[in-house]
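Chemist: Here's the feature list from TrEMBL:
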- 83, 87, 90: [4Fe-4S] cluster binding site (BINDING)
- 68-285: domain 'Radical SAM core' (DOMAIN)
């Protein structure tokens, strides 16, 4: 089913401007935004992915990864198709990038917010995670579910690229308990060329989420020759220490060849362990290696 988007404005000549993420797409009649799931129909912006889950699984919370929030518990994880990034190394490209094939139908089985919460309770998961693709692009679905989850005493978790708009943050913060945000690089060039996005909105949102009191953990996937220099790893570690605090957990993970970066070698174990040491030297208390 489709639902009218919560955050957009109408412009002249049947144009609409989506205000859900930092792209702020201007969308002509009959067209979709960068995410591929928000379409201008008759001058209204509709979320075509509402209630259309492409994934619904029980995961250990550590898989998000979250090591310092409800450790040892399971979380009920959901996602829809689509993403507002076009990462060349996406591990879930089959569902995140599917909607970029224009025109396309929005895949997924109907799983409405009430059913999501019901499933989480029946499976004895104390939390729901909005993950796998990008929860910002299924804001309406996620937010409606988050409100119901709060009413039932469940916690809400976002695993995100951090590219949401200020308005989206304002909507979700009252219902958001924890987040893991990707800080993919400290280079705007990397964000532009590898993700087709920008660095600054991510940095700003990390600071805002931390200040809101939401539990925050950060993940960096280390890709050889792209973001693995000692200088850049130090920049990331120092940003986390100075802006997010010594207690902010940093997950540094190894890359494995995938999608459009199959020619790039896997990250050596030693490089991940070097990043751990860089984080500790910067003053971070919790630096966790991953995928090694």
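Each residue's number is its place along the chain shown, starting with 1.
Placement of Cβ uses the backbone N, Cα and C atoms for every residue, glycine included.
Note that this is a predicted model, so its numbers are computed, not measured.
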Chemist: For [4Fe-4S] cluster, what surrounds 83, 87, 90 with a Cβ no more than 8 Å from their Cβ centroid?
Modeler: 85, 86, 89, 92, 93, 96, 97, 133, 134, 161, 195, 259
Chemist: With a 10 Å radius around each C-beta, find which of these binding-site residues (83, 87, 90) has the fewest other C-beta atoms nearby.
Modeler: 90
